[in-house]
Amino acid sequence: MIETTDSLRDCLAPAKLNLFLHITGRRPDGYHTLQTVFQLLDWGDTLHFTRRDDGLITRSTEIADVPPEHDLTVRAATLLKAHTGSPEGVDIEIDKRLPMGAGLGGGSSDAATTLLALNRLWKLNLPRLELQALALKLGADVPFFVFGKNAFAQGVGEALDVVQLPPRHFLVVTPRVHVPTAAIFSEKALTRDSKPLTITDFPAELSCNTEWPESFGRNDMQQVVVGKYAEVAQVLRWFENVAPARMSGSGASVFAAFRSKAEAEAAQAKLPAEWNSAVTASLDQHPLFTFAS
């Protein structure tokens, strides 16, 4: 990251994985309650912020099918400006790497990085919990990225506790298909009654079991997505002879954990050439973590 008086450049908006995802119920308002472990990755979009004196919030990067007014970065900046009454403006540039509809949290992470970066650039000094409350207005996953540590999440994803996860390298494969989260949540076949866990149920296994992630829990959305999207099923079948794998979030990305980068890259080399993939390391903390207290 490069910081000047008027800009913050090369700000990573890290991807996330759901190491497991259990849906434990459905609230009267229609939102689902869940339990998951969020794992940060050292891979994601890169954002650049330049302060504007005219108070305008703009996005100078063209993104297909995402007009600026619908972009979560612009919405995050607008929300923060309204909340604080700041006279400042900003221009946002985005180097987009994470695919949309992939279960990697790309848009949510972009929004959180925007909140953290502008907290610094605009000299707002809002505490982390206040930023997390704002983040929840932008989406269920956004508070986690502001929280900035690997976490056990409950509720709709906003109740967060830090978890210590072993260092890993991951091979992430994303089929060329967009999976709409809302549509999967509305499926009648979706399991909504997984038995709630406690945070003490899994830390020891996470740190010592070589078969993680297959050894603990599951993704309750995976079976539904596999039934609707043959591309996701195909990737999971490919992994059966390579390493234990599962889907992240509502898909479409599928991941497997490896002890070393070399092992992950060796598996990646065997992939069909037409599949999108990345090898990435785990991350313990959001790169902009210190921009809130």
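Placement of Cβ uses the backbone N, Cα and C atoms for every residue, glycine included.
Mapped onto three states, the DSSP output places K16 (active site) in strand. Counting only residues at least six positions away in the same chain, the Cβ atoms of F38, Q39, L40, L41, L104, G105, S109, D141, F144, F145, S248 sit under 8 Å from the Cβ of K16 (active site). Annotated active site per Swiss-Prot: K16 (among others), in sequence order.
Counting every protein chain shown, 18 other Cβ atoms lie within 10 Å of the Cβ of P99 (ATP binding site). The ATP binding site annotation in Swiss-Prot covers P99, M100, G101, A102, G103, L104, G105, G106, G107, S108, S109.
As annotated by Swiss-Prot, active site applies to D141 (among others), with the evidence given as sequence analysis.
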Near-site residues: ATP, ref P99, M100, G101, A102, G103, L104, G105, G106, G107, S108, S109, CB cutoff 8 A to centroid: A15, L98, G249
List of residues, in chain order, with Cβ under 8 A from that of G103 (ATP binding site) and at least 6 apart: N18, V179, M247, S248, G249, S250, G251, A252, S253
Counting other Cβ atoms within 10 Å, pick out the least crowded of the binding-site residues G105, G107. G107
What is the total of other Cβ atoms whose distance to the Cβ of S109 (ATP binding site) is within 10 Å? 28
